[in-house]
Amino acid sequence: MGIKGLTKLLAEHAPGAAVRRRVEDYRGRVVAIDTSLSIYQFLIVVGRKGTEVLTNEAGEVTSHLQGMLNRTVRILEAGIKPVFVFDGEPPDMKKKELAKRSLKRDGSSEDLNRAIEVGDEDLIEKFSKRTVKVTKKHNEDCKRLLSLMGVPVVQAPGEAEAQCAALCENHKVFAIASEDMDSLTFGARRFLRHLTDLSFKRSPVTEFEVSKVLEELGLTMDQFIDLCILSGCDYCENIRGIGGQRALKLIRQHGYIEEVVQNLSQTRYSVPEDWPYQEVRALFKEPNVCTDIPDFLWTPPDEEGLINFLAAENNFSPDRVVKSVEKIKAANDKFSLGRGKLLAPVANLTGSTSTAGKEPKCILGGPGQVMKARSPLQVCKSSSLNFIHDNSKAFMLGRRSGFLRISTYASI
């Protein structure tokens, strides 16, 4: 869900914080991608007709694999260096929201059964989508696919969008791509919406910079976090009757939630009992993420592994898999493999237009250096992780408590 009404609020009160861009403007850039919503979208959209979905011979759904393959190929062909970040354990405060979603799915399942009984195809289509749930297997399938494609994968210890924001804050990536606006609340320096659109054509990419958001709203980061909590987020109830517009006015007037609560009309508004806004504030400011992160590395696709996984195990057309591999290789040859480079913003991006008539100052980073050949077996170490590399694979030897896991293609 993210932050209720934040997109509309920023469009009205911070229009200069959003910049329309082309996908090509991010050529050569390293972008962290929040995968959680993407996989859900694939399961809903790709190959679905009513209750019928794409499956392999074992009856297992493969829509997520088809969607992830196609989208990743298009991202690579655009010259973008993606790093896919997966959700870890949700914070305790989010479990109530997840329980609500589960109950809603259960209700949709009952509605779906009734729609099937009466043969209402429109309702079948509607309710079948509402019953979709992303499972651990869906996530593991996508991690395996991405690793075979030679693309870095990060398993976050907590929320993926929080980990993406940490990667951006620590200059491991140029920007993060997600549809959840709470990426800004977690402090993402540069946040992209619509970058991972299935077609790349439906909407231009919208780029937000948190510094410009704060400047135009006239708030500090702490006040912006309180604004988001008041507006409504995934981690606690908000005060009924207070939406984004009212929340912004109150924060500008009183500064922080404590002062807002003290000055609220007790007859008009009812503050939730034991409202954990302080814990939610701490979660946004200090989420469960890792900051000691090795450099990312992109490698050639494992053609044999992809054919075995997609064609042999999941009944994809072998010819289609080979064509996808050829596209990945062509993109890698064109933009080069290796480590991504991030350059400081110093010049305009070609073809970019600001919604406020101003253009941000940035330049495109050059492609990463071509990866040197590895020895057949190489042990790499960091302060927290050990990896063994055997050309294209890496196996973790150990990790500290609470540390994230990085896939095969994270170079140290």
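Here the Cβ of each residue, glycine as well, is placed from N, Cα and C on the backbone.
Taken from Swiss-Prot as is:
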type	residues	note
BINDING	Asp34, Asp87, Glu159, Glu161	Mg(2+) 1 binding site
BINDING	Arg71, Glu159, Gly232, Asp234	DNA binding site
BINDING	Asp180, Asp182, Asp234	Mg(2+) 2 binding site
REGION	1-105	region 'N-domain'
REGION	123-254	region 'I-domain'
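Overlay of Swiss-Prot annotations on the structure.
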residue: Asp34; record: Mg(2+) 1 binding site; DSSP (3 states): strand
residue: Arg71; record: DNA binding site; DSSP (3 states): helix
residue: Asp87; record: Mg(2+) 1 binding site; DSSP (3 states): coil
residue: Glu159; record: Mg(2+) 1 binding site; DSSP (3 states): coil
residue: Asp180; record: Mg(2+) 2 binding site; DSSP (3 states): coil
residue: Gly232; record: DNA binding site; DSSP (3 states): coil
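Looking at Asp234 (DNA binding site) and Glu159 (Mg(2+) 1 binding site), their Cα atoms lie 11 Å from each other.
Between the alpha carbons (Cα) of Asp182 (Mg(2+) 2 binding site) and Glu161 (Mg(2+) 1 binding site) lies a span of roughly 8 Å.
Nearest in space to Asp87 (Mg(2+) 1 binding site), taking C-alpha to C-alpha distance over the binding-site residues Arg71, Asp180, Gly232, is Asp180. Checking each of the binding-site residues Arg71, Asp180, Gly232 against Asp34 (Mg(2+) 1 binding site) by C-alpha distance, the shortest gap belongs to Asp180. If you average pLDDT over the region 'N-domain' (1-105) in this model, you get 83. Considering only the binding-site residues Arg71, Asp180, Gly232, the residue whose Cα is spatially closest to the Cα of Glu159 (Mg(2+) 1 binding site) is Asp180. Across the region 'I-domain' (123-254), the DSSP tally of helix, strand and coil residues reads 65 helix, 15 strand, 52 coil. In this structure the C-alpha atoms belonging to Asp180 (Mg(2+) 2 binding site) and Glu161 (Mg(2+) 1 binding site) are separated by 8 Å.
Remark: Glu161 (Mg(2+) 1 binding site) has Asp34, Ile176, Ser178, Asp180, Asp182, Ser183, Phe186, Ala188 as non-local neighbours, by Cβ distance under 8 Å and separation of at least 6 in sequence. Cβ neighbour count for Arg71 (DNA binding site) (all protein chains, 10 Å cutoff from its Cβ): 21.
Taking every pair among Arg71, Glu159, Gly232, Asp234, the residues listed as contacting DNA, the largest Cα to Cα separation comes to 31 Å. The Cβ centroid of Asp34, Asp87, Glu159, Glu161 marks the Mg(2+) 1 site; residues of that chain outside this set whose Cβ lies within 8 Å of it are Ser36, Val85, Ala156, Gly158, Ala160, Ala162, Gln163, Cys164, Ser178, Asp180, given in sequence order.
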